[in-house]
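Pulled from Swiss-Prot:
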| type | residues | note |
| --- | --- | --- |
| BINDING | CYS9, CYS12, CYS15, CYS19, CYS75, CYS78, CYS81, CYS85, CYS107, CYS110, CYS113, CYS117, CYS146, CYS149, CYS152, CYS156, CYS177, CYS180, CYS183, CYS187, CYS216, CYS219, CYS222, CYS226, CYS245, CYS248, CYS251, CYS255, CYS284, CYS287, CYS290, CYS294, CYS324, CYS327, CYS330, CYS334, CYS365, CYS368, CYS371, CYS375 | [4Fe-4S] cluster binding site |
| DOMAIN | 2-29 | domain '4Fe-4S ferredoxin-type 1' |
| DOMAIN | 66-95 | domain '4Fe-4S ferredoxin-type 3' |
| DOMAIN | 207-236 | domain '4Fe-4S ferredoxin-type 7' |
| DOMAIN | 237-265 | domain '4Fe-4S ferredoxin-type 8' |
| DOMAIN | 356-385 | domain '4Fe-4S ferredoxin-type 11' |
Amino acid sequence: MIVINKEDCIRCGACQGVCPTGAISVKPEDVIYCDMCGGEPKCVEACPNDALRHEDITLEGGIKKKKITYSPEKCDKCGECVKVCPPGILKLVNDGKASRVPLEGFCVLCQQCVNVCPIEVIGIEGVKEPARVEIKIDKPIYIVDCVGCGLCVPECPVNAITLPKYGESIEIDEEKCIKCGICAQTCPWNSVYISGKKPQKSSRTIENFTLDKEECIGCNTCVEICPGGFIEPKSDLTVSLPEICPACGLCEKLCPTDAIELEVKLGPAKPVTEEGIVYNDENCKFCGRCALNCPNEAIRVVSPKGRVFPGLKKVDEKESYTICTTCGACTTVCPTGALKLVEVSKKVNGETVKRNRIQYNPSLCDKCGNCVDVCPYGILKLTDDEKLPVKGFCILCEKCIDACRFNALLIK
């Protein structure tokens, strides 16, 4: 069975892209895959028609392992296998057509995922151990093995990142950096670490990745520059682009004839903070009580049923939680000084400590909207309220903590 080192996985999705049976699903928060239930697949046990079987396969070197085989002609689509699948990766294909293979999500041990992983964090039990990335993060801003793609540069809300040249390492101005962690979440190669922690990656969708064969001159610059080796040269003096990759864009940026076009949509940043109001996603039930009690709408919650708090508007979104982390990005671009980052005294574990809060003077605000544009989490907004024309910033009142019944919020 395959084994994935989820901790060091960069969530590029290449394994998902090459898996012929849909047995891997890569998400920002997790990697879900068929692990054959540790050697005793429950789907095989549950199948009443012997459509799923556990059979021997001989790997390179004569090593014998097990794989799952599937006989579509025996399958009656009863769904018993789907019900018992522990990771929830098995699914019946219901596309309205007579599908040739109506079941997806079982591992056939083809090893394509192992071969394609650019950092070798996918292995096979007893054959090849998944690689472990050993790094010592000893600085608040830590950069290692940066490929110089520059993807993080335009995402920085305070313009603290510069890239001298594509292919060279980025530089981060420690005086400007507000430790929001967006660069680390955006980095497709796990080269940036902020505040000593590994980030949860932002979602990344490749909307367009194409090659203009008429413009391609077969120079192989893209082949040589691709950090993961995803691009392959072809005999007709063009190249073959992958369906899924980290989408760093180095190939597009360094192509001398502009023959490559790449369009990537990044998902929203995740609030990151270890001081002030801290959110524990494991305890959160997305009930929205915190958002309803926040006096300044500095929290936005989407419930499992698609209701947004505050406001109760119905939206077509998955459950999510967004909170102002008092990162201070808004204060750095405010031209009038209406928004300021100030320190207040708070009690934390019996000790009095200084913590940041956002201070706002409406009389100085000219409603320019710079703060809204720069907010890393999209929580700030302009309002029609003359008394409070900007909302969404945390004043550290702690009412959200008092409202939460599940200990998902606390002050540190």
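Each residue, glycine too, has its Cβ placed from N, Cα and C.
Shown here: features listed in Swiss-Prot, placed on the structure.
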residue	record	DSSP (3 states)
CYS9	[4Fe-4S] cluster binding site	coil
CYS78	[4Fe-4S] cluster binding site	coil
CYS113	[4Fe-4S] cluster binding site	helix
CYS156	[4Fe-4S] cluster binding site	coil
CYS216	[4Fe-4S] cluster binding site	coil
CYS248	[4Fe-4S] cluster binding site	coil
CYS290	[4Fe-4S] cluster binding site	helix
CYS334	[4Fe-4S] cluster binding site	coil
(request) With a 10 Å radius around each C-beta, find which of these binding-site residues (CYS113, CYS216, CYS248, CYS290) has the fewest other C-beta atoms nearby. (result) CYS216
(message) Treating G and I as helix alongside H, and B as strand alongside E, what does DSSP give for the domain '4Fe-4S ferredoxin-type 11' (356-385) in helix, strand and coil?
(response) 8 helix, 7 strand, 15 coil
(message) Applying a 10 Å Cβ distance cut-off over all chains shown, what neighbour count does CYS156 ([4Fe-4S] cluster binding site) have?
(response) 23
(message) Quick check on the domain '4Fe-4S ferredoxin-type 7' (207-236): DSSP residue counts for helix, strand, coil, in that order please.
(response) 5 helix, 7 strand, 18 coil
(request) Any chance you could find the range in 66-95, 207-236, 237-265 with the most Cβ pairs under 8 Å to the domain '4Fe-4S ferredoxin-type 1' (2-29)? (result) 237-265
(message) Restricting to the chain of CYS9 ([4Fe-4S] cluster binding site) and a gap of 6 or more, list residues whose Cβ falls under 8 Å of its Cβ, or answer none.
(response) VAL26, VAL31, ILE119, VAL121
(message) Most Cβ neighbours within 10 Å: which of the binding-site residues CYS78, CYS334 is it?
(response) CYS334
(request) Would you mind listing the long-range same-chain contacts of the domain '4Fe-4S ferredoxin-type 8' (237-265), meaning Cβ under 8 Å and 6+ residues beyond its ends? (result) 10, 12-14, 16-18, 118, 147-151, 166-167, 188-189, 204-213, 215-223, 225-228, 230-231
(message) Treating G and I as helix alongside H, and B as strand alongside E, what does DSSP give for the domain '4Fe-4S ferredoxin-type 1' (2-29) in helix, strand and coil?
(response) 5 helix, 6 strand, 17 coil
